[in-house]
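Here is what Swiss-Prot records for this protein:
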{"type": "BINDING", "residues": "Lys346, Arg350, Leu373, Trp378, Asn385, Tyr386, Asp457, Cys461, His462, Arg463, Lys464, Tyr465, Tyr472", "note": "NADP(+) binding site"}
{"type": "TRANSMEM", "residues": "18-38", "note": "transmembrane segment"}
{"type": "TRANSMEM", "residues": "77-97", "note": "transmembrane segment"}
{"type": "TRANSMEM", "residues": "131-151", "note": "transmembrane segment"}
{"type": "TRANSMEM", "residues": "155-175", "note": "transmembrane segment"}
{"type": "TRANSMEM", "residues": "319-339", "note": "transmembrane segment"}
{"type": "TRANSMEM", "residues": "431-451", "note": "transmembrane segment"}
Amino acid sequence: MALKSSKAVSEEQHGYEFFGPPGAFAISFLLPVLVYVFNFVCNDISGCPAPSLLSPKTLSLDKLKQEVGWPQDGFAGLVSWEASAATAGYILLSLILYRVLPAHEVEGTELRSGGRLKYRLNTLYSSSFTLAILAAGTAAQGAEFPVWTFISDNFIQILTANTIFSYAVATFVYVRSFSVKPGNKENRELAAGGHTGNMLYDWFIGRELNPRVVIPLIGEVDLKEWLELRPGMMGWIIFNCSWCAQQYRNYGYVTDSSICITLVQAVYVFDSWWNEPAILTTMDITTDGFGMMLAFGDIVWVPFVYSLQTRYLAVHPVSLGPVGLAVMLSLIGLGFYIFRSANSEKNNFRTNPNDPKVSQLKYIQTKKGSKLLISGWWGIARHINYLGDWIQSWPYCLPTGLAGYQILNAGAQAEGALVMRDGREVVQGEAKGWGMLITYFYILYFAILLIHRERRDDDKCHRKYGEDWEKYRKIVRYRIIPGIY
C-alpha cells in the first residue's frame, strides 16, 4: 500500500560502490564459494581445519575430498530435492504466517516522490510461532527431533537451495525493475545508486529501491523488508539450536558455551524483531536497492556464516565455567546497551522530537531541513551504535577459545581426548589455533562491514548536507570508537 504526496525530492548524485563492477563480481560469485569453504573445511569428519590443509606439501585433492566429506557424485551431490523442498516449505510457512497472524501497519520514511509506503509488521509473532512449534517438537522428541537431524544430515544441500534462491530473487527483482515508470501510483522507485547502466553492478547493488510483489493467497509482500528479518534471521536461530542438538547427540550433554552463544544471539535477533519499525529508517531500507548484495546477505550469509561457532562447538565442546560465562554476558550486556540505547534515541528523535526523553538533545538544523544530533549518544561518535554492535560480536566467537580440532578413529585412546558416543575421539593437536580463522572470522568481517557502512553513510551525508555535514564532523569528531576512530 502506498500513500501519495505532492512533494518530490531530486535524486542525489551517486557513483560506484564496492569497487564497482569488479567488486560486484567478486562479492556475488566468490562469497558463496567462501561459505562452502567454511562449512567443508570445518567439519565433523576429519577436523577443523581438515588435517591435509595443515600439511600443504603432502596435500592431495583426493585426500582432501575424503576429509571434508565431498559428495561422491561431485557437484551434483551439493543439491537434493529433499533439501530444496524443505527450504521451499520453510519460506512458504513464513509467508503464510506473515499473512494470517495479527500485524500492525507502519508508514515508512518519505520517498523521493513525496509518497510513503505502508509496511505490515508482525515478524515477532510469526517467528515466535515457528519457534514454539520447534520447542514443542524438541520437548517431545529431544535431540532426535526430525528438524534437527534433517538439518545436520542435509546442511550443505540446504545451503545450496538457499544460495539458488538468493540468485533467483536477485535476478527476478532486477528484470522486474525495468517496469518501473515515473509517477506510478504504487510509489515504485529506482534506487539512487542502482541504475548506473552496468548490468552486473545494478543486479548486485539493487536497481529498484523497494520491490513489492503480489503473491496469490498471500497478498502484497515488500521483498526487501520481509527478507531482512524473517527467513535468514529465523534460520540463524534454528541452525544454532540444531547444532546444540547435534552436540547432545555427539556427547550426551550441551555445554555452557553453546548455550551462551545460542541465547545471546537469540536476544540480538529478538531485539530486531521487537523493534521492527526501527528498520524502516535504516540505510538498507531507505537508500540501498534490493539486489544480490542484500538477497544473498539475508538468505545465505546471515544464517550459514553467523552460526559457524555453534557448529564448531557441536564437535569440540568448550566449557566456560562461571567466570568465563560472566565475562561473556558482561560483554553482550555492554554491547547491547550501547546498541539499543543509541538506536532508540535516534529513532525517538526522528519520530517524535518533542518526546521528553530526547527533547533536550542538541542538534544542527541543516539547510535540507533535517536535524543532526550533536549530543547524547550521537554526540560521542557519529555511529556509536556500530561500536555496540561490534562489541556484541565478541561473545559470539570468544567461547570457541583457541579453536581447532582433529577427529581420530574410535579406540585411538589419545590423551585428553573428548570421546563421542560413537567412539570417535576429538583432540586439538596440530589444529589448535588454526580453527580460529573460521570461528573468529565473524569479528573481523563485522568490523570491516561496519567501517564500510560508516564510510558509505558519511559519503552519502556529505553529498546531501554539504557544509552542514562538514560542520557536524568538526563537532562530532569520531566515527565509531570514541578517542580512537
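Backbone N, Cα and C atoms are what each Cβ position is placed from, and that goes for glycine too.
Source: prediction; values computed, not measured.
Feature annotations (Swiss-Prot) mapped to structure.
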residue	record	CB count, 10 Å
Lys346	NADP(+) binding site	20
Leu373	NADP(+) binding site	21
Asn385	NADP(+) binding site	22
Asp457	NADP(+) binding site	16
His462	NADP(+) binding site	15
Lys464	NADP(+) binding site	14
Tyr472	NADP(+) binding site	20
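Largest Cα-Cα distance over the residues recorded as binding NADP(+), namely Lys346, Arg350, Leu373, Trp378, Asn385, Tyr386, Asp457, Cys461, His462, Arg463, Lys464, Tyr465, Tyr472, equals 22 Å. Long-range contacts of the transmembrane segment (319-339) within its own chain (CB-CB distance under 8 A, at least 6 residues past either end) are made by residues 255-257, 260, 264, 267-268, 271, 377, 384-385, 387-395, 398-399. Secondary structure from DSSP puts Leu373 (NADP(+) binding site) in a beta strand.
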